[in-house]
Amino acid sequence: MAVGSLVAQRCAGTLCAPSQSLHSAGLRSSAECVAPALRLAALRSERCRGRKSVVSMGLTKDGPSVAIAGVTGAVGQEFLQVLTDRNFPYSSLKLLASKRSAGKEQEFEGKKYIIEELTEESFKGIDIALFSAGGSISKKYGPGAADGGTIVVDNSSAFRMAEGVPLVVPEVNADAVKGWKAGSGKGGIIANPNCSTIIMLVPVTPLHKAGKVKRIVVSTYQAASGAGAAAMAELELQTREVLDGKPPTTEIFSQQYAFNLFSHNAPITENGYNEEEMKMVKETRKIWGDKDVQVTATCIRVPIMRAHAESINIEFESPVSEEQAKELLSKAPGVMLIDDRSANRFPTPLDVSFKDDVAVGRIRRDISRSDDRGLDLFVCGDQIRKGAALNAVQIAELLL
Ligand SMILES: NC(=O)C1=CN([C@@H]2O[C@H](COP(=O)(O)OP(=O)(O)OC[C@H]3O[C@@H](n4cnc5c(N)ncnc54)[C@H](OP(=O)(O)O)[C@@H]3O)[C@@H](O)[C@H]2O)C=CC1
Ligand SMILES: N[C@@H](CC(=O)OP(=O)(O)O)C(=O)O
């Protein structure tokens, strides 16, 4: 069965397994589908997470006018969920996607919206636009929207390294957007960093402030969600196919994904690193404003639905002890400590799926060094949430 038809069937509800088992795999009951009935999906997913199903209402005449470009995608759907979860204020909401989705209905906070085709005219009168329709769409429509007075918070890599474009993780460098105000008539582009970079820097920055990080060696274990809704559907489909003894469908990735892992699918650059790895190197330098910090990364795609994991080795200029690191991380914003050596209990992707915080554990002195200037960590963060939609909405909150 093709991935596209799996997505379609799940959206029609025909393949939805009991929500608890889907949640155990890191799946919402249907929010990952490109489904128009988002509110229903959101309410189901709230039940999955054991939270109360409260419809919050951010609609207020005092809020900014908001547009979401790429609303039908994995990140776009999470934008809606995060806006609701955080009661983000908005005076109007415009939902944009490709021609394929134009005319479809999307329910949000008790109101029905019609998805519109994204065009150059879409951003007239919009204060904040959350973009997640891919880099080429950001390049095509982002600058025009910014010239027209919209502040674009862009999830793609299109403008991250551009001069004058702040690259922001609110827990790390909120100051980079000081003075930016939604609705002021002054537009611009703010870039959301790469998800692996965000998930690394949320826990590593408090340690950097304590001991100044000189070098990071990071290995990632990246989920299907980083490659979009279709990749998540392919992982689900392949898992069923392999268990049924059928050959796996490989439409999104070129090799078997279920029960396997492989080097990240981003293109390999001239130096042998892939683009995902080089993003972690360059973006860390820009976010920290430290061109000298050394980062080497190995990025791997693993058959996990929606949360990335990272093994991180850090070298400091000044000593940072295990105890100091634990104390700092237990209080750090956006961080949850899971570090129980006696129970051998440390962060897992499922601990952070659908959650805001990045989990950190396995905090230990690097025994390959004779001093206190090296630490090892293991971190997990929800790629769609903190790695993309939540971080972008937190940036938007800085503009209110
Ligand atoms: N910060 C980060 O690390 C992350 C960033 N991203 C960025 O977000 C983008 C989207 O990711 P994700 O949601 O996972 O991808 P999906 O494939 O799940 O969704 C893609 C979205 O883009 C829309 N789209 C595609 N083509 C067009 C077009 N021509 N005009 C308007 N809309 C279009 C789709 O609309 P339709 O349904 O109508 O086709 C859909 O809403 C990525 O390409 C990446 O740039 C993603 C993950 C993490
Ligand atoms: N980092 C995502 C891919 C992605 O969307 O990255 P970026 O936003 O840097 O293009 C992944 O897990 O594969």
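Cβ coordinates are placed from backbone N, Cα and C, and glycine is handled just like the others.
Features reported for this protein in TrEMBL:
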type	residues	note
ACT_SITE	Cys195	active site, acyl-thioester intermediate
ACT_SITE	His308	active site, proton acceptor
DOMAIN	65-180	domain 'Semialdehyde dehydrogenase NAD-binding'
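Under DSSP, the residues of the domain 'Semialdehyde dehydrogenase NAD-binding' (65-180) split into helix, strand and coil as follows: 37 helix, 31 strand, 48 coil. Averaged across the domain 'Semialdehyde dehydrogenase NAD-binding' (65-180), the predicted model reaches a pLDDT of 98.
The Cβ of His308 (active site, proton acceptor) has 30 other Cβ atoms within 10 Å, all protein chains considered. Counting in whole angstrom, His308 (active site, proton acceptor) lies 8 from Cys195 (active site, acyl-thioester intermediate) by their C-alpha atoms.
Counting only residues at least six positions away in the same chain, the Cβ atoms of Gly226, His308, Gly381, Gln383, Lys386, Gly387, Ala388 sit under 8 Å from the Cβ of Cys195 (active site, acyl-thioester intermediate).
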